[in-house]
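S.K.: Here it is, the structure, as structure tokens.
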């Protein structure tokens, strides 16, 4: 998504995509004019060995020849022996690799009547040389996914010695991966096919399955799945192609079959092409439509040996200045003649009788296009060269002699910025749906801070890294794309626009950013360095009013996004992502205001104002921790660039989450509290109440799920909402107003901490087995560290033992206060014990993933907190007696337990403090309701002086504690958990003690009712008091604070 596309969606003005495509591609062999949109299938399922990878049976035969083994020995061993043969049991993970090789070796030796080195065969089978994905299948998968179908792997697979499954494939190619060793069932068992269909979300008749084993295909047919037998991969792909009805070879990225409403007559086009290309034009005509073109339809054209791009006006009545393909053609031709690397235009046809509307042709550009500004896969030195080339080509564009190029009338030559501000202010007013305070400020500020003077040049209007085509091997721009917003104007607007990515996060939906990336580690120049490069190339002094140009760029994008959003509400937006894109307008406006403001515009709102690029003598300094919230070297997105002290200051997306959460609490949580409190005192309290699961399903459906996972741990948004710690703090406080809310949103301890451990430290196999069901809320978990016989606040005191055995670890020990362990849904325990008591103190401990149904685990009793047993989760005392778990269940490795324990206390370590603010707010709210409705000694309680003093004290203490909690979260975001350690320790002391005092005052105002289960106050009080121990004793935190203070 880029500004050009949004502009078209908003205004239907100009045109989109001048000829973009990534990588060189060849022709597609398909019947001209075929309509592929009638494909009846929704998914294609691939076997691995023999389909995606070379056949293991063929590899076995070749290995036998090389090693002098009787032909057919391995094949006979692989297929004979029924369901209990070693191979089948190995595929179901019933045998470890060592056990399999032992039994399989015996089986092969019996068949061959001689010793067979099966370990050598296993190594050959899993080697890199023999486990490369077949190129014909890789290309087919790209084509299938381009057409919108899902893909899956359904493989009889096994675990390696490392504990990982054997899957030498790029997982990003597939929506679903099903492996027999993880499921415990293998093909041809019908159950594993059904698992695959369920996870794909499709019916059997909507799938095609490719396998090289007849019995596996037979089961699929019986289930109603269309099948393709793979003996020869090339032939199989052709058969699959016939079934799907679209080509699976010679992939053209970013294209799709021509939409029915966008079809163009081929015969007139072919005659026109013959006239333009002359005698060299012969062969079949192939058309594909670029998926990017929304305003001006854009097509890939293959005619003989020629690869072209065709852009045309859309049909129907158009505004006079809209969809000006003639203008695009003109600027491309003029710039090419001036030596600027742009697509070569071949012909402009203004005769509407040929294709219905005017169009032009240009060469199909080949090379590298970088969609991710962090340039993954390149070396740091290569990244630096790419950004230098980007700066150089922008200088080339701005250096074009307008008069010599014949572009003097390409746009007005005066007051470019002023006219742009007026245009986009007017556009914003016309599409305004709700108040965006930052936009109001920008519209007032920009006209009064216009540059005193402006240079004039050709401006691109949408200059970004992903609009450049680079040479396949060299850091050289071979083509600049996307010229529909070009005009004459201030060149610095292009420079600023090209820097937008520096201030956006890497997971931003519209444009991937760099704000959360380590630029020095990547080798990417900072924005200061990048702009200094531009200034040096052009020969101009540093840009003093740089903040203005950045503010203007974000303002412009915000206005466009607002237009897209308004059109999405009326059903007119031309993009499926229009609504989600439009909602980012507030974020863009806030970032613009960050640059426009020299100092904070809100109390305690520390604003990050960067130095004007080009003025800094050296690289940007690394972020350093400061006890005061102040400027940082590089602004980050929205709430990461300043301390947001109220929900109203959050980015638009997070404000919407907060509003949804607040509504959910009011409508669903608070009304359910008494039912759930009563259930906790009932005989059936150790069974979760059905209402809880019902509310969890509802919360998940509304997108209020797994909000706790920080963006830093989940940059690709695979698991959560991608919130910063500061953003989540506001949501977590709201959840804290009810004891039942965190679980309903899958944001409750200890699951949150355990999920963070798995995200940070788990292997892919561990994540698939345990993290996925935890994220889905299908299971719960517990964390076993605290022990009754030692002071467990010091993790090095832990005495439980972990002893290494043959392929296993044996656990022994006694643990208590294991929260969640009595819950019938608790299936996983993360166990901490000592693997090497003789190692250095912080290297003695290890952590293991222990299934709760493992023999030797006994929950001896539930523990109570002030008489409350906290059913159904509970707090168990557990004995571990000779508990055996596989070695692959260890986290990170032996001796890494203390390291994980500290990491586990990352973002999750302040969630309790955030929730305690919510406890206190709810207690004060209930107190105010109580004292305004009760009378004693002749007047309302609210008029009693002691009550008013208590209310005032509570409000003061809540505000103080909240600010400290928010400051800690903010520092965790901008300087890291380690540097934020003092604030984290402070809030551990302040938050529970504050909450105890506030809740105690509320209980006093309620009288005896405050002690009952008719209100949440008693439970609030118990939890607040418990957290002065559970989250680390006050004494430990105070000692840490004093130690750090003395070092200042």
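Keep in mind that glycine also has a Cβ here, set from the backbone N, Cα and C atoms.
TrEMBL annotations: computationally assigned, not manually curated.
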S.K.: When you get a sec, could you say which of 566-606, 607-647, 648-688, 689-729 is annotated region 'Disordered' by TrEMBL?
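M.R.: That would be 607-647, per the region 'Disordered' entry in TrEMBL.
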S.K.: For the domain 'Acyl-CoA dehydrogenase/oxidase C-terminal' (895-1043), give the DSSP counts of helix residues, strand residues and coil residues.
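M.R.: Each residue of the domain 'Acyl-CoA dehydrogenase/oxidase C-terminal' (895-1043) counted once, the result is 123 helix, 4 strand, 22 coil.
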S.K.: Just give the helix, strand and coil counts over the domain 'Acyl-CoA dehydrogenase/oxidase N-terminal' (657-778), going by DSSP.
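M.R.: Secondary-structure breakdown of the domain 'Acyl-CoA dehydrogenase/oxidase N-terminal' (657-778): 74 helix, 2 strand, 46 coil.
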S.K.: Reported in the order helix, strand, coil, what are the DSSP residue counts of the domain 'Acyl-CoA oxidase/dehydrogenase middle' (782-883)?
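M.R.: Summed by class, the stretch gives 6 helix, 53 strand, 43 coil.
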